[in-house]
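TrEMBL annotations:
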type: TRANSMEM; residues: 84-103; note: transmembrane segment
type: TRANSMEM; residues: 123-145; note: transmembrane segment
type: REGION; residues: 176-212; note: region 'Disordered'
type: COMPBIAS; residues: 182-212; note: compositional bias 'Low complexity'
type: TRANSMEM; residues: 278-302; note: transmembrane segment
type: TRANSMEM; residues: 314-331; note: transmembrane segment
type: TRANSMEM; residues: 338-358; note: transmembrane segment
type: TRANSMEM; residues: 378-398; note: transmembrane segment
type: TRANSMEM; residues: 419-445; note: transmembrane segment
type: TRANSMEM; residues: 457-477; note: transmembrane segment
type: TRANSMEM; residues: 484-502; note: transmembrane segment
type: TRANSMEM; residues: 514-532; note: transmembrane segment
Amino acid sequence: MILPRDAIVPTISPSEDPILTSNNNNSSTNLAASMRGSNSINSMNNGTNTNLNSLQFNSQSGMNEPSYPLAKIDENEAHLSFSYTKIVFVIALFLLSLVSFVIQTEVTSYLYSDLGFSEPILLLFLTHGSWWLLWPLQFIIIALYKAFRRWKLYKFDKSNQLDGYMSIHNSEVNLPSSGTPANRRTSMSSSSAARIPSVADENTNTGGTSTGTSFPFTVPHKKWKGWRKAFASSVKAQHRNIFHSAELTAGLNVKDYKIEYGKHQNFKSYSNFFKSTAITYIFKSTFYLSFILNIAGLTWYIAMSLSTGADVTAIYNCSAFTAYIFAIPILGDKFSWLKMSSVITAIGGVFIVAYTGKSSSGNTDPDQPDVDKYPNRLMGNVIILIGAILYGLYEVIYKKRCCPPSNEVSARRQATFSNFSMCFIGINTLIILGIPMLFVHITSIYKFNIPSDPKSWFYIIISIFANLTFSCSFLALMALTSPVLSSVSSLVTILIVGLTEWLLRGQIISSGQWIGYLLVLIGFSLLTYASWNEISEEDQDDVLLTSDVESIISTASNS
């Protein structure tokens, strides 16, 4: 699971620009302290030559969360760090999608061939409908993890309760000059960061010098208030992050969109959260996406009964090509012959794999021609072609309407937000498919053969979780890169599935199939090269601290 930052975004108010003055190496530097919330406290250290005009806390979030000043770091260092982080995320998501897809394919194949399961529409409903579980599971697991870590810090490491997760108390601060814009957004690194004083510094209060340049204030040492408040604090922080990403996404797509909550404001209840314009926009967008996705999925099942498996596999994977065609007018992508040729190469490899394998036509009787076994083959191919077009459209629309801008949101935030969008897609799937399925089942128009043996349900559950993992990693990969790259990368699963079948079931891979697999890899490699700028693009984060401020404060705060 990808852990999002639960940090609060420090910002500068135009009307409140306090200056923090400090002597460091016989020089004076000014730091514009960020202000949050509506309640403020005035802190003044008369015994030193430093002056802190005011420090405000965010009282609406349920926890007192001070906003810390930010350090200034070298832009080249930040660019390298952000690019490296994004590349790691892309590689990890790509590998995770490969493994999970292979598991889902093999388990589903076992359900159909060995256990006699014959309800593909029911399985589609269960897999896509279960997406609603993803977001609740994520924020619950993260909140429990955060609460446990805070408790552990408070219980066993009281001398370092405010050290943070990046050891920022040992780092030196590079304060921005007075000419630095107040709203400049930079990130703290372990080599160049602000020092937050530890509890030990506060308790001793000796006024001695430290290894780093510390701020002229300390966060009050307060007692641990229990698991419930620590858990609730993390849940609120995660939903604040989601809301901020939703507003950025809505701002890109909704004409004359107005920010509902300012820099110092937040939704007061979860009712305000779900009724907000930004979240309503995401829900409506995912409804359209659910409709397109499920129709595309249904075309696959219908075509499988009308045409050959080779035709269906080859044509359906043309969605990578249709995604590229749609990306040009919808996403504004520039046409590239290198990208186009890489997509065509990969799809050509899929066609070779589909039509050179043993019994590729699906006909087990050599004396019976395909025209007799599949009299409606042309109709099936047309239906699956419609599905390929719809799936490519689904990918591009998802990128357009449900992905926050990559230049303003970090890789972790984008991946987390994709899980939130998946939750809405799952809810809409339950509505779109659940109601008509229930109607036809109750009215006996069609009776779904629901399995009763535990073994079938065991493999169905495995298939559902494998689909959750694949869909989560696939949509996150699409959010971080592009629909075209994620589509072509999914074609690599054909190679992995083929190798798995060869190793586990002894199915022979023909020389033609090896050539097809090689073409898929060549196409994917070319597209990766052509899309490298998108993959390694600087990852501008809307979270300014690499440490989890919300977690640090709640460890030693008394809400």
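Backbone N, Cα and C atoms are what each Cβ position is placed from, and that goes for glycine too.
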Taking the transmembrane segment (378-398) as the first stretch and the transmembrane segment (84-103) as the second, find out whether 3 or more Cβ pairs fall under 8 Å, excluding pairs closer than 6 in sequence. no
Per the Cβ filter (under 8 Å) with a sequence gap of at least 6 from its ends, the transmembrane segment (457-477) is approached by 2, 89-90, 93-94, 96-97, 100-101, 103-104, 107-108, 110-111, 115, 117, 123, 126-128, 130-131, 133-134, 398, 414-415, 418-419, 421-422, 451, 485-486, 489-490
Per the Cβ filter (under 8 Å) with a sequence gap of at least 6 from its ends, the transmembrane segment (514-532) is approached by 336, 338-339, 341-354, 356, 481-482, 484-485, 488-489, 491-492, 494-495, 498
Contact set, same chain, for the transmembrane segment (314-331): CB under 8 Å, 6 or more residues outside the stretch: 300, 303, 339-340, 343-344, 346-347, 350-351, 354-355, 381, 384-385, 387-389, 391-393, 395-397, 399-400, 482-484, 487-488, 490-491, 494
Pairs of Cβ atoms less than 8 Å apart decide it: which stretch in 84-103, 123-145, 278-302 has the most with the transmembrane segment (484-502)? 84-103
